[in-house]
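J.: The structure is given below, and queries will be raised subsequently.
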């Protein structure tokens, strides 16, 4: 009876969190891996964002093929964002634990996006089939409504299957171990930790994923991208083979790297560098209406006698900004006494300020010096996108800094626990990343308009109001979107900052000594100003 009782107790002890072992056996190259994956992630984000923007702003690319390509590029951004940020976090903090809920969410989105990718590649191959084999029927068959239906169907069709598959896997008990021999939550390494017979689960995995892979291969998308996915598919035959074969964990990781990171890196290279339309993209005339191909920045052009003075003044201000912020970053890094959350966020803020002014000031200096005020639509869209992303990041980062001061002054005993290195890293990374979807969407929306009134921007850089003034047609929806984004990314953070400092000031005023109040004010007054 005692043995049976102990056995039941052991069986009832289930895993509550997992530990990723991926790359943990390579302690000497953690920094190299972090740098390599960061670069690849940036290539994927920038390259695919470039494709989306180009497709949106160039009327010559308003075709079904590029509509699906824009969908595919957005899908790739989402796909890699499910895994790479978690990998970077593990490498940076060396915290490899993940709770069951987070693991299930990661697996669910990974499976959904992998399935969507499969169907979208099949749709793209069908589009090429109709265009080449039935060119006369192509405009009728691949009309805008049909293309939208096929794209939406690709995104939605796999959701019920993958919801069921994720629920089925995480309804198992995991009592053998909590160590996943992988760098993200994938099906085979998770099934290895499950108690009991998993053969039915493996069969359902094979049926669900091999169906998608078969659908893609039978349509035979004729690009090198499709060939890469045939050899390194996001699931399907490779995942099933991995579950049922004996080979090293290193082989698993290498194969997974190909279908989660390496192949998405090829997408912008294949479609932007090897595609003639993408290489020679340009704005053409539509419906006999003349459209703008470049803008002219009129800022300071009405001060011809002060061009040299303006150039000197802006150059000095730019150098002060660069030297001052670099000095803060270096001092914070080399001085151990400044390795605190407040200065960690200040370092991020200084780096952000360098990027922020570098979006506008070099262009101003060039315009003033060379008297060449022309700027292409792509360069204008790029400048606006980075300006909006960095401005919004600044707003969120200032809010995070005010929260740091709030915890330090209002809850000093809990400060080391609340603002631990992991939490600080997450807050900083979140400040940089959370604004990107909003501002990328806003930029695409603005530059999908037609500009036919004039090409003269009454400003010294590409900002939203002067650019919208040049657009044809109704821009009320664009203005509404600008207003909504401003509320979310500017006004709400501003209110949170004021709320934090109202509580900080109330706490400081209750301190018993004038010296204590002065010290508390000194730590946060510069940020508040």
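Each residue, glycine too, has its Cβ placed from N, Cα and C.
All TrEMBL annotations are machine predictions without curation.
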J.: Pick from 32-55, 128-151: which range has transmembrane segment per TrEMBL?
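T.: In TrEMBL, the transmembrane segment feature sits at 32-55.
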J.: With TrEMBL as the source, which of 343-365, 412-434, 435-457, 504-526 is set down as transmembrane segment?
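T.: When 343-365, 412-434, 435-457, 504-526 are checked in TrEMBL, transmembrane segment belongs to 343-365.
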J.: For the record in TrEMBL, which of the ranges 254-273, 274-293 is the transmembrane segment one?
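T.: That would be 254-273, per the transmembrane segment entry in TrEMBL.
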J.: Hey, which bits of the same chain come close to the transmembrane segment (377-398), Cβ under 8 Å, at least six residues off its ends?
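T.: For the transmembrane segment (377-398), the far contacts come to 49, 53-54, 57, 281, 283, 292-295, 345, 348-349, 352-353, 355-356, 359-360, 363, 428, 430-432, 434-436, 438-440, 442-443, 446-447, 451, 457, 461-464, 467, 485, 489-490, 493-494, 497, 527.
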J.: Please give the average pLDDT for the domain 'G-protein coupled receptors family 1 profile' (47-233) in this predicted model.
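T.: The average pLDDT of the model in the domain 'G-protein coupled receptors family 1 profile' (47-233) works out to 80.
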